[in-house]
Structures are given as structure tokens and as C-alpha cells.
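J.: Could you have a look at this structure, given as C-alpha cells, before my questions?
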Amino acid sequence: MSMILSASVVRVRDGLPLSASTDYDQSTGMQECRKYFKMLSKKLSQLPDRCTLKTGQHNINFISSLGVSYMMLCTENYPNVLAFCFLDELQKEFITTYNMMKTNTAVRPYCFIEFDNFIQRTKQRYNNTRSLSTKMNLADMQTEIKLRPPYQISMSELGSANGFTHLSVAEYKGTGKISAAPHQRLESVTLPGIVSFVLSLLCGALNLIRGFHAIESLLQNEGEDFSYVIAFFLGTAACLYQCYLFVYYTGWRNAKSFLTFGLICLCNMYLYELRNLWQLFFHVTVGAFSTLQIRLRQPQGKSPDYNV
């Protein structure tokens with residue numbers, strides 16, 4: 001039978017449990033899952049904001065927002081869409097009931113244990129799927145999960161040290177196996193950002209056109225330098241990659257944007273004899289402006305009503 005077994009609310013920065021559903025199941029499987037709950041709660045700040053851990057016959061799903069994580073344990077055959085709908089409902093109610101000041105200053109575990117009443121009521125509804133037909137739009141949830149699926153934490157990524165997990169920060173924050181980047185949304189686009197994007201495309205197009213002209217000149221005059229062709233096409237690639245970095249979040253995004261800007265500067269220095277000072281100034285200035293806009297457009301924090 002597919003069902004939700006338990007749920008808890010945990011502070012992200014230190015794993016402090018704020019509330020949890022009353023759980024009377026003392027089976028070996030549940031004890032093992034509670035261990036995984038504790039292990040994951042210690043590393044929430046290093047994990048993407050939406051994750052799933054498969055633990056044999058059970059799944060642990062959680063979402064994080066505004067410094068608080070909402071975790072739930074369900075059977076392996078419980079629908080993924082309903083699981084994240086359940087978590088989203090817990091999140092909205094918790095944010096409505098308690099302000100951030102209280103959650104940030106809490107020092108005692110389970111200081112919001114009265115929230116368990118809402119968890120239990122919601123869990124009962126979600127374990128009776130017939131009562132959910134008029135309470136949610138599953139199509140919206142299915143679309144959201146399809147566009148931004150939860151990160152699957154594999155059991156091999158969980159190592160134990162003194163009873164606690166050992167997860168490498170680099171695996172999520174850097175360029176390791178999986179990062180939060182594919183699931184991370186950026187802040188809304190601003191007018192300067194749109195301008196920088198269009199100008200970068202323009203510079204890329206200019207470099208591309210000049211590159212083809214350089215190839216034609218090379219075919220007509222054997223004495224022409226082929227390295228100019230390479231410089232033009234590298235400049236095109238750098239401009240287009242800046243556009244990509246502006247639109248999508250990737251690991252080491254700021255560092256990549258600075259390196260790309262450096263490549264644009266080097267290409268234009270090499271093309272000094274083929275361009276006048278105004279052209280060089282335009283290309284370098286656009287590259288610098290685009291780098292700034294990439295730096296300013298940071299990952300957005302989740303709002304209280306975001307769709308999971």
C-alpha cells in the first residue's frame with residue numbers, strides 16, 4: 001500500500017528539528033530511515049532545494065526554502081507528484097504560521113511541535129487520495145517536476161563517519177558529479193541584462209562574419225595568417241558562452257564568466273591590426289558589461305508560494 005509514513009520540519013543551517021509527526025512504528029526499516037533523516041538534516045545546506053533519497057522500500061523526499069527544510073518518508077510506490085504536493089502544503093502552512101525570526105532564533109529541538117497537528121491532518125488527506133481531487137492541480141505539479149525534477153541522492157553518496165553522513169561539498173557546489181546548478185533558477189532578467197545579452201549576440205555575430213571573411217581572404221591569398229580565423233571564431237564562442245552563462249546557472253559560474261571575458265580580451269588584442277580602437281573598445285566593453293550582468297544575476301531565493 002502506498003502511503004506517507006512520517007514528516008518533519010528541520011532548520012537548514014544546523015539541522016535543528018523544529019517539528020515532526022508523531023511516529024509509533026519501531027520496525028527495523030523505520031529505524032534505518034530515521035537514521036537517514038538525521039544524516040541528511042546535517043547536510044541540507046550543501047544539497048539542492050529539492051531532493052529524493054531511495055532507501056530500499058522507502059523514499060525520503062524534501063524541499064528547502066527560506067532556511068527551513070520540509071522532509072517526508074513514504075513507501076517507494078507513493079506517487080512522486082503527491083509527495084512534493086504534500087511538502088509544498090507543509091511549507092506554505094509553516095511559513096504562514098511562524099515568522100522567520102522565530103525559526104532563526106529557535107534553540108530548543110521541536111519547539112514548534114504543535115505543528116504536528118497540521119502534519120497529521122495533511123498526512124491523512126494525502127493517504128486518502130480520493131479526498132485530493134478538488135484540492136490541487138496535479139497537472140501544474142507534474143509540469144513543474146518534469147521541468148525541474150528533484151535531485152536523486154544515491155545511497156553510494158552516503159558514507160558514514162561516527163554515525164553521520166559524509167557528503168563532499170564539491171559534489172554539489174562545484175563541478176563534481178552532480179550540482180544544484182541544473183535545478184537552480186536565476187533572478188528575473190533586468191533591462192541592463194537584456195541589453196548585455198543582445199550586445200553579446202551582436203559581438204558574436206560580428207566575429208563570426210569577420211571569421212568567414214578571413215577564411216575567404218585566406219583562400220584567395222596564401223600568405224594570409226590562419227591564426228586570425230581562429231581568433232575570430234574563439235571570440236564568437238566566448239560571446240555566445242557569455243549569453244549562455246547569463247541565461248543558465250552552472251557550477252563556478254562567476255569564475256567562468258571572468259575567464260570568458262579574459263578570452264575576449266586576448267582575442268581582441270591579437271586582432272589589434274585588423275580592428276580600429278573604437279571596434280576594440282566596443283568588443284571589450286560589451287564583454288565587461290556582460291560579465292558584470294552575469295555576476296549580478298544570482299540564484300533566486302524561493303518565495304513562500306513557489307510551486308514544487
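Keep in mind that glycine also has a Cβ here, set from the backbone N, Cα and C atoms.
Annotations for this protein, taken from TrEMBL, read as follows:
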type	residues	note
DOMAIN	8-119	domain 'Longin'
TRANSMEM	189-209	transmembrane segment
TRANSMEM	229-248	transmembrane segment
TRANSMEM	255-272	transmembrane segment
J.: Please list, for the domain 'Longin' (8-119), how many residues fall into helix, strand and coil according to DSSP.
T.: 48 helix, 30 strand, 34 coil
J.: Can you give me the average pLDDT across the domain 'Longin' (8-119), rounded to a whole number?
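T.: Value for the domain 'Longin' (8-119), mean pLDDT as a whole number: 86.
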